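*Asks:* Handing you a structure now.
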């Protein structure tokens, strides 16, 4: 136990030091004085992470006011939540499966459903129950999650399920510029982006993101009174009648200027199911650097030359599902505008033979006005795509019911609907058309038989690349 605690402590120190060294290296590379750069970015973060009300009384889809009770009064709030549940289309319950005569809970069915090809099956009969449980099941205990640069909590529910909690830190209407003063690596994770990303991934039929749902918590009853984590408890305070906490993460995201504050006691959050451990305490996730990362140094390499041929020199990349998964991940990130894919994740259980997991999607849906084709680097440089994915995207784009309509139909069932601003839904349809145009360029260059892949990749593979302004 002592060894594990020591390992976690020094691991945290290493991550923080590495992150700081990377940031200063970036500043040095782009030729901007470090002190001035940090001050400018800190000022922008402070504007972004100002104390925001989790329920500001405005329905962001319609612009109309919505009735929100005084959250200081817990009983009134409980009535409001109950009414909200009655009004929304609920997840239709499915019967739990039995295995060897033993009743399996929905989260246990999810664990059993994970394979080397998918996070869950296409029908996943337990999914509606699982999402409803994430939104409603009582919390047993809470603690800080030590990993990454931003604030996250790990949660255990009374039914035995474990979930990752991300709190609301910015209003839905906030637009992040992704420019020199607002670089993507200082973008704040959005709890609602995790929820929307899960549903987008499911609608695209990729099924590689863990199930996520929104809920509203009482910060005292559901977090403060359910934790023994001193690092979390010691950071709670009251500000203007609102309950707040700082938590513990990278210093530019967790400090007195950037607390997590509710409206009164109430805080909107996302809960995403955690990937199960398979062999004792071995980390279930395997991280590898993304060759098409948007990190300053990494991006210079692939934006100046086509790296696909170099990637294909490794037989592990040139055969199987890996590269096709990276292409689809780039499509996923492009549709929701997510620059934060510096690493790709795989399940330790299946290693390189498994699918690429879509974890940490909280930096998506930050700017509905920006369509950045560089996010499609793997597609543009390799000019390959699963035939089934192309057929589906083409069908959705040409149908009356657009991709955004599918998103609306499913997101309205979430407790914190509207999950994302309408402008982000419209952006998905617009980006899809640009994506299909790029696929068309690949087909014009190589022919459909070469571009559309049925099954997995096989060697030998023709020369790659399409002309594209990066």
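Including glycine, each Cβ sits where the backbone N, Cα and C put it.
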*Asks:* Look at the ATP binding annotation in TrEMBL, where 166, 189, 360 are given, and name the residue from 150, 329, 381 listed for that site too.
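*Replies:* Given 166, 189, 360 bind ATP in TrEMBL, the matching entry from 150, 329, 381 is 150.
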*Asks:* Looking at 7-27, 28-48, which one is transmembrane segment according to TrEMBL?
*Replies:* 7-27
*Asks:* Restricting to the same chain and to sequence separations of six or more, state which residues have a Cβ under 8 Å from that of residue 166 (ATP binding site).
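*Replies:* Same-chain residues close to residue 166 (ATP binding site) (Cβ under 8 Å, separated by 6 or more) are 151, 152, 153, 189, 190, 191, 194, 269, 270, 272, 362.
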*Asks:* Using DSSP and collapsing to three states, where does residue 166 (ATP binding site) fall: helix, strand or coil?
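*Replies:* Where residue 166 (ATP binding site) sits, the three-state DSSP reduction gives strand.
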*Asks:* With the ATP site defined by 150, 166, 189, 360, which remaining residues of that chain have Cβ atoms positioned within 8 Å of the Cβ centroid?
*Replies:* 148, 151, 152, 190, 191, 194, 362, 363
*Asks:* Within the domain 'FAM20 C-terminal' (236-451), what mean pLDDT does the predicted structure show?
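*Replies:* Averaged over the domain 'FAM20 C-terminal' (236-451), per-residue pLDDT gives 94.
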*Asks:* DSSP secondary structure for residue 150 (ATP binding site), reduced to helix/strand/coil, please.
*Replies:* coil
*Asks:* Rounded to an integer, what is the Cα-Cα distance in Å between residue 360 (ATP binding site) and residue 340 (active site)?
*Replies:* 8
*Asks:* Could you tell me the maximum Cα-Cα distance in Å between the residues recorded as binding ATP, namely 150, 166, 189, 360, rounded to a whole number?
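*Replies:* Output for ATP binders 150, 166, 189, 360: max Cα distance 11 Å.
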*Asks:* Check each residue in the chain of residue 150 (ATP binding site) that is at least six apart in sequence and keep those whose C-beta is under 8 Å from its C-beta; list them in sequence order.
*Replies:* 188, 189, 249, 250, 253, 362
